[in-house]
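Student: Please see the structure below; I have some questions.
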Amino acid sequence: MQETTVKRDGASPSDAGTPATTAQGLGKLYIRTFGCQMNEYDSDKMADVLRADQGLELTDNPEDADVILFNTCSVREKAQEKVFSDLGRVQHLKKQNPNLVIGVGGCVASQEGEAIVKRAPYVDVVFGPQTLHRLPDLIKRRRAQGVSQVDISFPEIEKFDALPPPRVDGATAFVSIMEGCSKYCSFCVVPYTRGEEVSRPFDDVLLEIADLADQGVKEVTLLGQNVNAYRGAMGDSGEIADFAMLLEYVHEIPGIERIRYTTSHPKEMTQRMVDAYARLPKLVSFLHLPVQAGSDRVLAAMKRGYTALEFKSVVRRLRAARPSLTLSSDFIVGFPGETEEDFQKTMKLIEDVGFDTSFSFVYSRRPGTPAADLHDDTPQDVKLRRLQQLQALINQQAAAIAQGMIGTRQRVLVEGPSRRDPNELMGRTENNRIVNFPGVPRLIGHMVDVVVTHAHTNSLRGRVAGIERDTSGAE
């Protein structure tokens, strides 16, 4: 789980631009985002719709805001409790600004609904992931009626038709192609908070990406809870496009030079998807493929729908199609009933497959899920020890991959100034590694060849190919 203040690609919230004058006047919007890239995308859309309708511009200071929104994540219990903690910290701002609107969106909102208002009666608006486009009306009704507004319905794909055109800042962009999940893993709340899988129409996705390309976007990341389960309607023909077909068409859009996607499910990795890595050079050599565990017994209890051997078979076919492919994954340690033998099978899978990074956590019980009723007698200290061992192994594998990149020439999309040194540049390799290097601002938004000179824990350092070798080793 991660948390951010909403921002555009390559820009901080304070870089959002000069507020525009509208019929509603000037105003400031503060959004705090918890969780996944889907939530980051949704936060961007909240900003878009409130800018278009009410002239609100982003601020990174909640004390300056006229509207404060928390876009929440319910995957883990700690994330859920942190939302209420943060809500308490902004409650006093209502005394300073009686017209301040405080809203809660995202998966906690979808799960808790009116209970949020009962627990925190100063919250004005509660909305789900599928009703963020209704934010302007919810805020207007709250101000007109003086009553908290709650809308956590699942109106299919309606929100995409109601959202304003995407605003581009930088050479990268997220594009949501589907919503929800129909897998119903025993530990997961997503099907209950975001609804079942619903895919956007094929043509709508392509038109949005083409529009982004016209505005200078070179890299798109296709988003979905199970993005490779995409099944989009093709016009009025009644035909359905699968995810592999969508990738093939996106690959042909002029101006798009890189394609990423997240999050995928091993069960949906069809042979046509595997073949795409051999046929589509714009598809990056990096894949996030959650496995969760390496024990067949635990995988069955999780209702993941595959065995460890089947997962490894998918990886083997992918790497046969694209030998340079690097993988990241998700792991849950301490799932109810996990034995030491089960855990060692997970460690063996990690050793056999090799990962570049992972999102790994101790199991967090989520009320309302089937796993919440399972008996869990594993001590917390044992779970934490297992998590540390797992993370240490993956960190070791990641370090080896980074060391192996030293001296190689990497194609890098330059995203902006380096966070460590604003006089330098930062970009990403195909395999999703951050590279810091000396360069001039005109390179931002362009692809450049960078020779990797040093490997650090969370980043690489390099020099633009053809420029005198950098020997500083600074991060």
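The backbone N, Cα and C atoms fix where each Cβ goes, and this holds for glycine too.
For reference, Swiss-Prot lists these features for the protein:
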type	residues	note
COMPBIAS	1-10	compositional bias 'Basic and acidic residues'
REGION	1-22	region 'Disordered'
DOMAIN	27-144	domain 'MTTase N-terminal'
BINDING	Cys36, Cys73, Cys107	[4Fe-4S] cluster 1 binding site
DOMAIN	167-400	domain 'Radical SAM core'
BINDING	Cys181, Cys185, Cys188	[4Fe-4S] cluster 2 binding site
DOMAIN	403-466	domain 'TRAM'
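Walk me through where these features lie, including what they touch and how far apart they are.
Tutor: If you take every residue in the domain 'MTTase N-terminal' (27-144) and average the pLDDT, you get 90.
Taking all protein chains in view, 22 other C-beta atoms sit within 10 angstroms of the C-beta of Cys188 ([4Fe-4S] cluster 2 binding site).
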Student: On a count of neighbouring CB atoms within 10 A, which of the binding-site residues Cys107, Cys181, Cys185 is highest?
Tutor: Cys107
Student: Could you tell me how many residues in the domain 'MTTase N-terminal' (27-144) are helical, how many are strand and how many are coil under DSSP?
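Tutor: Across the domain 'MTTase N-terminal' (27-144), DSSP assigns the residues as follows: 65 helix, 25 strand, 28 coil.
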Student: Give me the Cα-Cα distance between Cys188 ([4Fe-4S] cluster 2 binding site) and Cys36 ([4Fe-4S] cluster 1 binding site), rounded to a whole Å.
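Tutor: Here the two Cα atoms lie 14 Å apart.
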Student: Just to be sure I understand, if DSSP states are collapsed into helix, strand and coil, how many residues of the domain 'TRAM' (403-466) fall in each?
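Tutor: For that range the per-state counts are 6 helix, 31 strand, 27 coil.
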